[in-house]
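Asker: Copied straight from Swiss-Prot:
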- 1-26: signal peptide (SIGNAL)
- 84-139: disulfide bond (DISULFID)
- 107-117: disulfide bond (DISULFID)
């Protein structure tokens, strides 16, 4: 009886560990894919540094991190739609362009390229990124 327990106990523990790591490994691969696609985003480095910081922070907090959390909950058998993420990234460039326009030449109440224009332009930017997250979330699974 003791010999049987000596063999069965390690096998049971190994099986439990294997079952626990399987979803985590899939989640890890989904997260890694989303992050890899987001690393392809390149904003124009010639723009003001405080603007770039605000733009990147918005993308990170309103879109990338929520998508990573969402993709992390996928089952191992779920396929991640790369096309969906790539479409979202293309839309990011459009939203960032609108944000930059409000910060620069379309700024009405302050000097263009000023911190005041940035603060004024930031009102709409996170909202649009949040809406993009909601749309992307719907098509993320193939």
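Cβ atoms are placed via backbone N, Cα and C, with glycine included.
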Asker: I want to verify one value. Collapsing DSSP to three states, which class is residue 107 (disulfide bond)?
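Answerer: Coil, per DSSP.
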Asker: Out of 84, 107, 139, which of these disulfide-bonded residues shows the lowest number of other CB atoms within 10 Å of its CB?
Answerer: 139
Asker: How far is it from residue 117 (disulfide bond) to residue 84 (disulfide bond), counting Cα to Cα, in Å?
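Answerer: Pair distance, Cα basis, whole Å: 32 Å.
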Asker: Which whole-number value in Å describes the distance between the Cα atoms of residue 139 (disulfide bond) and residue 107 (disulfide bond)?
Answerer: 35
Asker: Taking 10 A as the limit, how many CB atoms besides its own sit near the CB of residue 117 (disulfide bond)?
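Answerer: Around the Cβ of residue 117 (disulfide bond), 21 other Cβ atoms lie within 10 Å.
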Asker: Cα distance, residue 107 (disulfide bond) to residue 84 (disulfide bond), nearest Å?
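Answerer: Computed Cα spacing between residue 84 (disulfide bond) and residue 107 (disulfide bond) is 32 Å.
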